[in-house]
């Protein structure tokens, strides 16, 4: 795989995470750069690991992973999105109990995993082409780290504009990302 193709692959793999990061940034109360970078590093690390795992799976059974990856991504993003919408609606009636401006590591990790399912599938495909999987995985992880960090900071602007409804917007973004993943895989299979 040539360097230009690898760059485009890395950027394409980071787009779902970028969209989710916009939602995360919108749901945070004025995230600081360090919070955005922390989120970017979590997403980037997971997005680095999943193509390597996919590549390993591809060495064994490519068709199996391809048949269920989009359903896992859709389900995880749907559940996380609905949870964020619920929390956004709940905040209208109840005082916020959590520390503003933070998301737990596990929420971020599950979201990152859900948005990296496509990278897992790409890793499966990379098992059948001439590519250094470690270079490809590091490129995908670096692009994701940068894109997510930027996405969280841009999401902050969105959060300021929509106020209390920011978490609802973030949940809707996750559901849209999950639905898009499902739609793209189902229409590609048809």
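Yeah, the Cβs are placed from backbone N, Cα and C, and that goes for glycine too.
Annotation source Swiss-Prot lists transmembrane segment at 3-23, 41-61, 69-89, 105-125, 133-153, 168-188.
Ranking 41-61, 69-89, 168-188 by CB pairs under 8 A with the transmembrane segment (3-23) puts 168-188 at the top. Residues 1, 6-7, 9-11, 13-15, 17-22, 24-25, 28, 31, 33, 35-37, 39-41, 43-45, 47-49, 51-52, 55, 116, 119, 122-123, 126-127 of the same chain, all 6+ positions outside the transmembrane segment (133-153), place their C-beta atoms under 8 angstroms from a C-beta of that stretch. Cβ atoms under 8 Å from those of the transmembrane segment (168-188) belong to residues 16, 19-20, 22-24, 26-27, 69-71, 73-78, 80-89, 111, 114-115, 117-118, 155, 158-159, 162 of the same chain, restricted to positions at least 6 beyond its ends.
Nonlocal intrachain contacts for the transmembrane segment (69-89), taken as residues 6+ away from its ends with a CB within less than 8 angstroms of a stretch CB, comprise 20, 23, 27, 107, 110-111, 113-115, 117-118, 120-121, 164-175, 177-179, 181-182, 184-186.
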